[in-house]
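Participant: According to TrEMBL:
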type	residues	note
TRANSMEM	24-44	transmembrane segment
TRANSMEM	95-113	transmembrane segment
TRANSMEM	125-143	transmembrane segment
TRANSMEM	149-166	transmembrane segment
TRANSMEM	195-212	transmembrane segment
TRANSMEM	224-245	transmembrane segment
TRANSMEM	377-400	transmembrane segment
TRANSMEM	421-443	transmembrane segment
TRANSMEM	449-468	transmembrane segment
REGION	474-494	region 'Disordered'
Amino acid sequence: MAAVSESRAVEPATPLRRPARAGLLVLAAVLAVQVALGVVWWVAELPGVPEYGDTIEYVSQSTTWAVDGYRTIAYPALVRAATEVGAVLRVPWNALLYVAQLAVAAAAAAYLVRTLRPGLDRRWVAALVAVLVTLPLPLHYSASVLTDSLAASALVLLVAALARVAGRADLSWRPVAVAVLGTSVSVMLRPERLYVVLALLGVTVVLVALRVRRGSPLLPGRTALRAVAVLLAAVLVPALGLTVLSRAMQTADLGREPATLTGAVFDRVAYPHLDEARGLLPPHVAAAVPVPAESADRTTVLLALRAVDGDAAVRATVRAALECCLPAVAWDVVHDVAHGLGSPFAVAYDWATGNNGSSQWDFTRMTGRNPGLASAVLTWGVVVACAVAAAWLVLGVRFLRGRRAAPPRPEDAADRTTTAVTIALLLAAALVGAVFFGLVTSLDPNPRYSLATQVALVAIPLVLLVPGSARGPHDVSMPGGPGRRHTRGAAGAP
């Protein structure tokens, strides 16, 4: 084939400068230590079961099938299946469950990496997946009898599939099937995930609309309408349908107060400030609040208030708390949302400083079986968090340099837009989760609810800073990055 014009020639790889090469080598060494420590620790954890209260409940429900509004039947069924298969294979059922959870986490991480950079070489994908699955908290929960690991993996799969539809206009069956799978697993494992999934669907539809408004060549009007229809069919239908099915099976009465919006608002707004708001409460309501208020747990206080005047008494405490303590309430929400949004860095900070009661509780479970090894993993996690923060800084600098460079070719601009949409959805998912848990409870922010955020915020800079080694024309490394592009039709190209 004759050579095409000079503008279509293969672009040479941008050589890495010595400081950049040294920085990447240091980053690779830091991450390699994390992977090695993580693998040894995870294998050492296989024989045990971390002592969580939820674990006892899931094991019990795997035989009684008695679930209320706080649980679904899906995870107890999985525990039961692991028990039965383990008995047949003569292997510990918990180890079998841990292997399955880690395998799902690895598959979700690989799908996310491929979404961010579709042409990345398999060796790079494998290396990045190893890093993502050995992050301390995600790795710990993959070796626990809890829904957190699978729920996080399902959310990662869902966000990556939504990004392929909204960013790349990929309406083939594969991303649609992954979106259905991610949605289904999310809502079947955790009742509250319905609201997170619906919020992500709304964000995705807004991104599609914005791309149409800006005249994206990948999303003309008809394609955008098809994309929205596909999203509604793949996410909204299974989310609502499976939620109805799940709630139909939540028939047991386990003595817990049903979860309600009023109860969540009381927990977030009123309970931490009842003593300050006491003088603003009606006398009969104030009489139901113990002195001091925190001498009783929030559920006990909530039940006492409802015994006085139903939810009207609860709403009175919320109004009084907002009247006396609005700045403090707002600060608590902002603090908790920020903790969830910056989860990988917040976890490292909590371990280094001993802050945040919920994190410290998680750390005690992590260090219960192999304290020395777990402490080494968590301490090295602080080093990894610093390295990832530096990677984010480098990524930002390269992005700014790329914006000042010459306008990209049309095919490059499309790749960059797809990458931007993927990053926007990942950050939106992190924000939605952080806001949700920041609004519904006044307990210390628990990093176990932001495992997907930890994976996403580590994946973005690492995947986009990987140098070269991409197959085909789909390397979507950031502007100014070191990636190599190959263009079909160039002289000497296949």
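Note that Cβ sites are derived from N, Cα and C of the backbone, with glycine treated the same way.
Since we're looking at a predicted model, the values are computed, not measured.
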Participant: For the transmembrane segment (449-468), could you work out the same-chain residues 6 or more beyond its ends whose Cβ comes under 8 Å from its Cβ atoms?
Facilitator: 13, 16, 24, 31, 108-109, 112-113, 116-117, 120, 124, 128, 131-132, 135, 137-138, 141, 148-149, 151-153, 155-156, 159, 340-344, 347, 388, 391-392, 394-395, 398, 419, 423, 426-427, 429-430, 433-434, 437, 475-478, 481-484
Participant: State, in range form, which of 24-44, 125-143, 224-245, 377-400 has the highest count of Cβ pairs under 8 Å to the transmembrane segment (195-212).
Facilitator: 224-245
Participant: Flag the pair the transmembrane segment (421-443) / the transmembrane segment (149-166) as in contact if three or more Cβ pairs fall under 8 Å (sequence separation 6 or more).
Facilitator: yes
Participant: Could you name the stretch, out of 95-113, 125-143, 224-245, with the greatest number of CB pairs under 8 A to the transmembrane segment (149-166)?
Facilitator: 95-113
Participant: Do any residues of this chain, six or more beyond the ends of the transmembrane segment (125-143), have a C-beta under 8 angstroms from a C-beta of it, and if so which?
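Facilitator: Non-local partners: 31, 34-35, 37-39, 41-42, 45-46, 50, 98, 101-102, 105-106, 109-110, 112-114, 149, 152, 344, 347, 362, 365-366, 377-378, 381, 384, 447-448, 451, 454-455, 458-459, 462-463, 466.
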